[in-house]
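Visitor: First, the structure itself, so that you have it in front of you.
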Amino acid sequence: MLHRINPVRFSMQSCQRYFSKLVSPLEQHKSNTFTNRVRIPIEAGQPLHETRPFLIKSGELTPGISALEYYERRIRLAETLPPKSCVILAGNDIQFASGAVFYPFQQENDLFYLSGWNEPNSVMILEKPTDSLSDTIFHMLVPPKDAFAEKWEGFRSGVYGVQEIFNADESASINDLSKYLPKIINRNDFIYFDMLSTSNPSSSNFKHIKSLLDGSGNSNRSLNSIANKTIKPISKRIAEFRKIKSPQELRIMRRAGQISGRSFNQAFAKRFRNERTLDSFLHYKFISGGCDKDAYIPVVATGSNSLCIHYTRNDDVMFDDEMVLVDAAGSLGGYCADISRTWPNSGKFTDAQRDLYEAVLNVQRDCIKLCKASNNYSLHDIHEKSITLMKQELKNLGIDKVSGWNVEKLYPHYIGHNLGLDVHDVPKVSRYEPLKVGQVITIEPGLYIPNEESFPSYFRNVGIRIEDDIAIGEDTYTNLTVEAVKEIDDLENVMQNGLSTKFEEDQVAPL
């Protein structure tokens with residue numbers, strides 16, 4: 001176990017002192033150009049300013065978010081805790097698709113939100129022994145340095161690096177979890193841990209901690225009686241912090257939305273013959289424009305496939321008499337964008353397509369206008385308003401004359417959700433509380449007309465969804481995805497005439 005002696009670091013200077021043991025001086029390795037820059041031999045498990053100066057600015061731990069902001073998040077959480085308490089968060093493990101084929105790593109987002117740590121097989125503990133916030137202890141248990149493993153899997157920051165880079169007060173090898181954790185639990189009265197976690201129930205560390213706390217395994221022998229401990233969930237408490245975005249978070253999300261929106265415009269200007277090609281095109285544009293990856297598995301649904309809300313097969317042929325519904329966006333620095341657009345494969349709306357599309361767009365426009373804190377609307381209030389608006393639009397189209405119709409059948413999903421590190425950020429946040437300044441929500445009404453004889457033939461097998469990301473202000477709002485065109489005249493102009501603005505390819509410094 002290592003214990004921090006030096007004060008908490010909010011710049012990369014102490015990181016440089018640490019790594020000067022490996023390289024001296026660091027400056028001799030730096031270059032003014034990306035192409036000629038010599039790699040600095042710093043052994044860390046994720047990008048740092050020293051290794052990726054074009055991606056991470058000095059003082060930042062992750063793109064756009066400083067070490068100071070991560071520290072402030074931990075302190076805000078500690079302020080809500082009683083003395084003699086600890087929060088335990090189990091990070092995610094590498095997940096395998098088949099045999100040795102693994103999925104890209106995705107960190108448990110509560111742990112990431114509080115630490116910026118993006119390496120697998122780790123546990124974070126935030127301990128508050130007294131009333132004084134200055135006594136708060138930030139523990140990290142992480143994979144130790146291992147030359148053999150790092151040769152095959154990549155560098156690790158290690159037990160020392162998690163202190164010097166990520167400001168952990170105390171750190172230890174994750175291999176010592178069974179000895180380390182009982183000591184902390186024994187000396188605290190309140191244990192905050194999500195026993196019923198749905199985010200990482202397969203994590204080996206989660207299972208170990210759970211068995212320690214519920215007595216289901218043999219790992220609790222080193223514990224004093226757990227019966228006199230109060231065990232409470234923590235994710236809902238963290239969710240209340242996560243739902244209000246800082247200016248830095250909003251800046252990242254605005255950039256992710258901008259890149260994603262411009263990528264959609266690039267797609268509008270091309271004709272595609274199959275869903276997988278359009279899927280791949282958008283993926284390339286998100287990454288080339290500066291995002292890290294897709295924010296989620298995209299929906300690329302042509303024709304009747306669009307009637308499935310979360311269709312992700314993306315393997316069908318696209319015909320000119322159909323529309324395609326795409327729900328896709330990029331992620332930057334861990335923060336998601338979320339965009340849905342629907343457009344005709346032919347490049348021009350038919351009269352029926354135009355009428356249905358305008359109905360959805362009218363509802364979306366009116367709902368976005370409600371996204372101000374001063375209106376005192378909740379997300380549920382906006383949803384109820386969208387139902388009323390959609391009923392009127394359907395009546396205008398004559399669909400109210402269809403026997404047995406109801407708006408819930410044709411518009412079966414919710415108007416939107418919170419957005420952030422998770423694409424649904426975070427489910428535990430109430431839909432019924434008034435929206436607050438700094439929240440980011442999606443507004444995404446939709447219409448899905450089934451292939452049933454009771455509906456006019458020209459409307460059947462058409463699914464339309466239009467979605468944007470909206471940041472709540474006091475008396476205004478900001479559309480974070482405004483670049484993605486959606487007005488019919490604008491769409492047809494791009495589809496038929498292309499784009500006049502150049503898309504910035506192969507971005508290395510998105511922020």
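Any Cβ shown, glycine's included, is placed from N, Cα and C.
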Visitor: Given that Swiss-Prot annotates ASP338, HIS417, GLU444 as binding Mn(2+) 1, state which candidate in GLU322, GLU358, GLU467 belongs to that site as well.
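Guide: Matched candidate out of GLU322, GLU358, GLU467, per Swiss-Prot for Mn(2+) 1 with ASP338, HIS417, GLU444: GLU467.
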Visitor: Quick check: of ASP327, ASP475, which does Swiss-Prot put in the same Mn(2+) 2 site as ASP338, GLU467?
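Guide: Matched candidate out of ASP327, ASP475, per Swiss-Prot for Mn(2+) 2 with ASP338, GLU467: ASP327.
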Visitor: Looking at Cβ-Cβ distances, which residues of the chain lie under 8 angstroms from GLU467 (Mn(2+) 2 binding site) while being 6 or more apart from it?
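Guide: Long-range Cβ contacts: ASP327, ASP338, ILE339, SER340, ARG341, GLN364, GLY416, THR442, ILE443, GLU444.
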Visitor: Per 10 Å Cβ neighbour count, which of the binding-site residues ASP327, ASP338, GLU444 ranks highest?
Guide: ASP338
Visitor: Other residues with Cβ within 8 Å of the Cβ centroid of ASP327, ASP338, GLU467 at the Mn(2+) 2 site?
Guide: ALA328, ALA329, ILE339, SER340, THR442, GLU444, ARG465
Visitor: Give me the count of other Cβ atoms within 10 A of the Cβ belonging to HIS417 (Mn(2+) 1 binding site).
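Guide: A count of 21.
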Visitor: Sort GLU467 (Mn(2+) 2 binding site) into helix, strand or coil using the DSSP assignment.
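Guide: The three-state answer is strand.
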Visitor: Around the Mn(2+) 1 site formed by ASP338, HIS417, GLU444, GLU467, list the extra residues of the same chain whose Cβ is within 8 Å of the site's Cβ centroid.
Guide: ASP327, ILE339, SER340, GLY416, LEU419, THR442, ILE443, ASP468, ASP469
Visitor: Looking only at DSSP and grouping its letters into three states, which state does ASP338 (Mn(2+) 2 binding site) belong to?
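Guide: Coil, per DSSP.
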